[in-house]
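Here is what Swiss-Prot says about this protein:
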- 15-35: transmembrane segment (TRANSMEM)
- 333-353: transmembrane segment (TRANSMEM)
- 360-380: transmembrane segment (TRANSMEM)
- 387-407: transmembrane segment (TRANSMEM)
- 431-451: transmembrane segment (TRANSMEM)
- 469-489: transmembrane segment (TRANSMEM)
- 528-548: transmembrane segment (TRANSMEM)
- 853-873: transmembrane segment (TRANSMEM)
- 897-917: transmembrane segment (TRANSMEM)
- 953-973: transmembrane segment (TRANSMEM)
- 984-1004: transmembrane segment (TRANSMEM)
Amino acid sequence: MKFYALFIYRPVATILLSIAVTLCGVLGFRLLPVAPLPQVDFPVIMVSASLPGASPETMASSVATPLERSLGRIAGVNEMTSTSSLGSTRIILEFNFDRDINGAARDVQAAINAAQSLLPSGMPSRPTYRKANPSDAPIMILTLTSDTFSQGELYDYASTQLAQTIAQIDGVGDVDVGGSSLPAVRVALNPQALFNQGVSLDTVRSAISNANVRRPQGAIEDAQRRWQLQTNDELKTAAEYEPLIVHYNNGAAVHLRDVATVTDSVQDVRNAGMTNAKPAILLMIRKLPEANIIETVDRIRAALPELRDTIPAAIDMQIAQDRSPTIRASLAEVEQSLAISVGLVILVVFLFLRSGRATLIPAVAVPVSLIGTFAAMYLCGFSLNNLSLMALTIATGFVVDDAIVALENISRHLEAGVKPLQAALQGVREVGFTVLSMSLSLVAVFLPLLLMGGLPGRLFREFAVTLSVAIGISLVVSLTLTPMMCGWLLKAKPSEETRSRVGINRLLLALQGGYARSLGWVLNHARLVGLVLLATIALNVWLYISIPKTFFPEQDTGRLMGGIQADQSISFQAMRGKLQDFMKIIREDPAVDNVTGFTGGSRVNSGMMFISLKPLGERTESAQQVIDRLRKKLAREPGASLFLMAVQDIRVGGRQSNASYQYTLLSDDLAALREWEPKIRQALAKLPQLADVNSDQQDNGAEMSLVYDRESMARLGISVQDANSLLNNAFGQRQISTIYQPLNQYKVVMEVDPRYTQDISALDQMFVMNSEGKPIPLSWFAKWQPANAPLSVNHQGLSAASTIAFNLPTGVSLSEASDAITRTMTSLGVPSSVRGSFAGTAQVFQETMNSQVILILAAIATVYIVLGMLYESYVHPLTILSTLPSAGVGALLALEAFDAPFSLIALIGIMLLIGIVKKNAIMMVDFALEAQRSGQLSARDAIFQACLLRFRPIMMTTLAALFGALPLMIASGDGAELRQPLGITIVGGLVMSQLLTLYTTPVVYLFFDRLRLRFTRRAKPEDTLTASE
């Protein structure tokens, strides 16, 4: 009593305290960072190693395996996967959430150092690592184009100047440069000229290497001066290499230009990048796992003017893709929904109270509670994201409930003629415990969520804490500011009512009268209502089992990614043509804004594309509808497939795949894996629940297998090393020397001129100089025949692995796809040596599915414990919790009606309903218990009176919560797919709960009261017998 009076009788202090809370919230709002979702990125580190010319199997056994054994000992590694392709190995380490990325990086470097002695000696550089997830979509893509500069020169500017500077920006984890390679001097050899001049490839290589050296020359010094010695020992350009003497043939000098074409070109000619049909260099920027995407993008944009000044004016640098505009638009939509919710809630209050002064009270209480929450969010290190703003939108209906309960009860006393200050004090004292019970039991719902681990726990922690803080502030406001404003603003006698007020009042009285009559009938047919309650419990179970489920709603971020997979024996020239064809098809789609892509590198038969769609206001289709439309057109392209997927804000795992979801096959028997993977992939591709089924197992690449005749080699004076060196010199784009420049180092690359390697007959022209200096044709000691070889070798841990990726057709949920895969694997009879499991997002979905029911039950148990402690009763909490089945049925039926799968967002909606719908029961039970204790009423009369007295506040609070969630349910625009499931769940649950709990709660109350009396009667004879003894 003294607590309430302290604020009611000191209005100035109460007002100033509320203003202070609001100002702190405004300051917190201005300081809060902006993000699409809470920080849920797993710490990921990528280790890269190269050995030019080495086959995928050689890279896997000699490079990947030693590194994996060393890296596998690092603590906190969640998953380790590797991909070895021609000349390169990439290992992805995914760590637990609790691992600091910098500490993990130090452990990774130590593991690389430990494995160094086990790696091949011919590696041009030590393995390196990057703190970025290569499977994440870039947060920004920059393109460089020019009509005057070559692709190699553009790549040089991009990698030497731009990428280095951008990588130093805070928040940037990795900058990949694609579309070409660094400038180089290329020596294209003529095999016939070499044979005619009697010059071997090794001779040319040695001559070039010896002619271009960089060694210290020292200095000459006398008593007065010191001269630094400098020589022309380095050759920089193709023109300087052409006159180089590589051999003497019968005393005549053989120059390099006599046996080769020397050009200023690039290190690897098998790379291509394009943007909107124009050759381009791409800078793909990815953020650090812990970095804020909006802040990082803003820093990059701020640096772009300075970056443009560092490159020539003839180079055009453009932003081809930027993730931030759709994120900002989505957050603006949520903020708009929040404002609409506040307006609707206040409108509900006005319609019920029919007083401008009375409406002003919740109109002040709601903003104070919501704005004050921003201060707590800042102190907790949260961000303004879709989920935290959705929490505040939903909180609108909650925070007004507390004010409504207090305001309505005070208004009732005022209408009875009690003086304002006394009415405020008396009214808040009566409902203080009710408000406390409602708030604490609602916060209790989120305790299991706060303790939940893994990605779901991390994802919804900000949501739960934000909502809990808003409820906590609302609790304090409703017990302090609200009664103070009621005492000083409201009048003891209501003013003369207008015609509209009279009409609304008559409507409410009519509803209340109808409810009284129907409630009387229900109480006389309690068994029927009990059967209805049991039916809703059974219906909940059936609906939950049958409803389609997914991990997270499919987002439309306005960005698509595409992976090209062509025939495994395709040439680079043909692959570049496929890239151009695919880009032409996509550019013609009316929903597409721009498209960039690249191909080449270690895997010639693959490529990547990044597509920006037009803003939602300029297109009528969703991202998935655009993909469905393009899929039909892209399927007509022979010899290659392009798999498109919408970029999501959440992507789990470090695997780079050509679809959104993955199923991984593991085996210690590589032969068994290669035998069963095609069978499994073909079976899954036939399933109607899956789309775009593809695999990273590529073991059917074209290979020319050379078999050496070692006896002939010994007789001819040739070693295996000589023969292998010949092949590497001729066909491996061998880097034979280094050109040192002030800003970078460039290579001299040697290979046989591509004009002479158009078919396998090029091998007939190859020869080796034997120990006597005679040219020996390769065909004299080797035979060759076509064969198949893997283009890549994949590991997970230390086991051979193959990942089958898939997308979902429109209208199919992840649970339906997962069930279909599980059934197919069982029917195929896959041997135990080949193990299958979901990976990435699909794996987290499976884990979440197993914990959903436990989480809901834990929330119910927590609420029961809190209510039991508050009421000092085992029974009354059960009465209150009897409201939940009807809400669950309403929520699940609403999801079915809107064809929305049950996702994590819908799960949060169910948990919110646990907190919302029990408020009705709390208000009924509180007044019934008070009436029984003070009015000497029977249980039936007490609950009947409580239901009628609390009918208006119950209707007000329910409608306030419903209208608070309504903007989410009918949301459109950017990010609507995230908001809609939450709104649908809450609105559906509230409607069904309101229809049923007004009748089931009093029936359950009377049922438990009869049980209490029965046990009391049984206990009395026992007590009497004990006393007589």
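Glycine too: its Cβ is placed from the backbone N, Cα and C atoms.
Non-local neighbours of the transmembrane segment (953-973) in the same chain are 329-330, 333, 336-337, 340-341, 344-345, 347-349, 352, 390, 393-398, 400-401, 404-405, 408-409, 508, 511, 616, 916, 919-920, 923-924, 979-980, 982-984, 986-987, 990-991, 993-994, 998; each lies 6+ residues outside the stretch with a CB under 8 Å from one of its CB atoms. Note on the transmembrane segment (431-451): residues 4, 398, 401-402, 405-406, 409, 457, 460-461, 464-465, 467-468, 471-472, 474-475, 478-479, 855, 858-859, 862-863, 865-867, 870-871, 880, 908, 911-912, 914-916, 918-919, 922-923, 926 of its chain, located 6 or more positions outside it, place their CB under 8 angstroms from a CB of the stretch. Beyond the transmembrane segment (528-548), the same-chain residues lying 6 or more positions past its ends with a Cβ under 8 Å from any Cβ of the stretch are 522, 812-813, 815-816, 853, 882, 885-886, 888-889, 892-893, 895-896, 901-902, 996, 999-1000, 1003-1004, 1007.
Remote same-chain residues near the transmembrane segment (387-407) are listed as 37-38, 331, 334-335, 337-338, 341-342, 345-346, 349, 353, 358, 361-362, 365-366, 369-370, 373, 377, 427-428, 431, 434-435, 438-439, 442, 459-460, 462-464, 466-467, 470-471, 473-475, 477-479, 482-483, 486, 912, 915-916, 919, 923, 953, 956-957, 960-965, 967-968, 978-979, 982, 986 (criterion: CB distance under 8 Å, separation of at least six residues from the stretch ends). Between the transmembrane segment (360-380) and the stretches 15-35, 469-489, 853-873, Cβ pairs under 8 Å are most numerous for 15-35. Long-range contacts of the transmembrane segment (15-35) within the same chain, counting only residues at least 6 positions beyond its ends with a Cβ under 8 Å from a Cβ of the stretch, are 292-295, 327-328, 331, 364, 367-368, 370-379, 382-385, 473, 477, 480-481, 484.
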